Amino acid sequence: DFGRSSELAFVVEPSDDIAVQEQPLILYCQVEGIQPITITWRKNGVMIVDSENAFMLSNGSLYVSRFQRVRGDGSSDEGEYDCMAQNHYGLLVSRKAKIQAATMSDFHIHPQNAVVEEGGVARFQCQIHGLPEPVILWHKNSMPVNTDNERYTLLPKGVLQITGLRAEDSGIFHCVATNIANVKFSREARLTVSGSHSTVYKDPMILVGPENLTLTVHQTAVLECIATGNPRPIVSWSRLDGRPIGVEGIQVLGTGNLMISDLTVQHSGIYVCAANKPGTRVRRTAQGSLVVQAPAEFVQHPQSISRPVGTTAIFTCVAQGEPPPQITWLRNGQILETSDHIKLKNNNSTLSIYGINQADEAIYQCLAENSAGSTQASARLTVLWADGLPSPPQGVRAETVSATTIQVSWEKPLQNTKEIIGYVLHIRKAADPVEMEYQEAVSKSTFQQLVTDLEPSTSYSFYIKAYTSRGASKASEVTVVSTLGEVPAMPSLFIKVINSTTVQATWEPSIKLGQHEGFKLYYRKVHLSQYTGPVLLASNVTAYNITHLDASVVYEVKLLAYNQQGDGNSTVRFVSLRETVERTVLNPPCDCMKDEQNNKTSTTGIIIGIHIGVTCIIFCILFLMFGYRGRLLMCKNVQEQLSTPQIPRSQRSATGLVLNGATRRDRDDRDLNGKQLDMNELERLFPASPSQEQQEKEIMSAHSLSASHDETQISTLPLDEFSIIEEQPDPLPKNPHGSSPAAPAPDHGPANEG
């Protein structure tokens, strides 16, 4: 590296220009760097050979003696020119300079006659195209318009505005367009100022609003807005996006035209002109867009670098502009083509060269270009090569050990081996780009390396470099070998019973299976040795229904994945359909036709049920009312006639059991069913006689004897054999023995029926 002064670089590059017909043209190109330097020129990519019309000067500039837009043979001197500089280290290409012929067309808009009342606004316009942009001046009555008069406003696009018209403004107007190509005059137009200033109210009105403009940074934009009305409207400007217009470089021309000097990209936007009636909110608006373009310029230039053989070189080139520029890379003046070891990233902003060698030593250029202009920057790559470095390692071999392992071996270099400090093994999938390569370091005394964690059935490339403290050797020859194939792993398997004759086998596809071509499914009855299958299924299938099974036996289902290497281990599941059959018997399917017929009578049944329910409720209420009344009357008469004291409750347990017709446990069950007879009520309704007391004692004795054997063998009185007759009692004659006649006792039956 000889420092910055040694770098081949342009001091002056050709620039865009407009040439005059039949006039000489000079395109400048000045280069610095280590001599000798050769400079050549191209037009539209074609080398320019020195001739009488165009030749190169001693300082490297191109001289065109008589510029012609169209020559006799149909060729033209217009086009894109660039110069190329070359020395021992490489070749540079300058930016492209666009050369155009100066021209001027005829006027395509001429001023028109106008009659305007005094105090009003007059506007004349001329329009003409030319290169460079013509300068338009106005004449009144064949004399230049006095631009010192503040009521006269001349706009760059050929517009003349006259406000606050007076009688002396009447006259004949025309415009004059001038550039380096020609001078042209427009037609004349007469302005007539009529009458006196009117006091009639007129709404604000915008005669001419801003037009859409596309300009380049540092130029000047003039947005026209001329309005009329009575009273005279106030013109104001704003941006549609709400951002402030600012004050720097902003000027108002005439009564409402907006001029923005030294444009920047931030000035781009939509501008709104508003004409307001003074003191009111009455307004009219018009709008136009302003687009400001910026030529491409570099934010970060590529830097020249020096790198040892076999390493990676990276150049970065960042450009900005409006619209965003496109970036192109050149190598020694030629379009750079990407390859396995040359990559472009980040929208071409980053150039990476992997595993550089001496053939990569060159000058690399970054060209940034958009519609507003282009620029270029360059950097040189120097490939370092130290004397005495080892020669490449010899005899590189790679042998496949397994589906995931390869062993690589090599022999030491033939030359300069004393300073070797180690070896680096470079590994890459053969199908991957160079940037996906990775390395493994190996000691200087080791000449083989076991590379693990590889993918089955995959090709890998390997090469070796020997390293010293001063640099690396050149790469050895590349060897490519593939790993062995591997059978797939066991798939997961799930069995779902669909019905009494069908099951569904499902499984999940998984990358853990490895490379597989499909699945094989087998099934059999467990007491048989013969499988049904295999059923071959594609690798994207994840379910299969096994039908026509026997519900009375157990089945074994087996699934495995396979590929070119063979069958993987299988997953086995057992399934029985018997439970499904039993559930079907216990829960038979509904007879839908029968239910449908039954539903037809549902409405009638509901109505009949309602009537029956209401009738039952009425009878129950009447029964309770009359029964309660009769019971009160009977109890009253009985209390008056009875003299025998009631048997205490503690002495009536057996009788109570008989009268209630069940044991205490049975009585509790009757409580749940709502059928228990209240003992106190029975005692009041059926008072006991002396003869009944004796019978009760006998019953109690019998009950005690039987209860000692089995409490459940107590004689009961079925409720359906027990009845209560309610009637109004007649006056009873007194018993000569002083006791009431015994109430008729129901037939209790045997005390113990066993």
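Just so you know, glycine gets a Cβ as well, placed from its N, Cα and C.
Note that TrEMBL annotation is computational and uncurated.
Here is what TrEMBL says about this protein:
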DOMAIN    8-100  domain 'Ig-like'
DOMAIN    105-192  domain 'Ig-like'
DOMAIN    204-287  domain 'Ig-like'
DOMAIN    295-382  domain 'Ig-like'
DOMAIN    392-486  domain 'Fibronectin type-III'
DOMAIN    487-583  domain 'Fibronectin type-III'
TRANSMEM  606-626  transmembrane segment
COMPBIAS  644-654  compositional bias 'Polar residues'
REGION    644-754  region 'Disordered'
COMPBIAS  663-673  compositional bias 'Basic and acidic residues'
Check the domain 'Ig-like' (204-287) against each of 105-192, 295-382, 392-486, 487-583 and return whichever range has the most CB pairs under 8 Å.
105-192
Range from 105-192, 392-486, 487-583 with the greatest count of C-beta pairs under 8 A to the domain 'Ig-like' (295-382):
392-486
DSSP on the domain 'Ig-like' (204-287): how many residues come out helix, how many strand, how many coil?
3 helix, 44 strand, 37 coil
Taking DSSP states H, G and I as helix and E and B as strand, how many residues of the domain 'Fibronectin type-III' (487-583) are helix, strand and coil?
9 helix, 48 strand, 40 coil
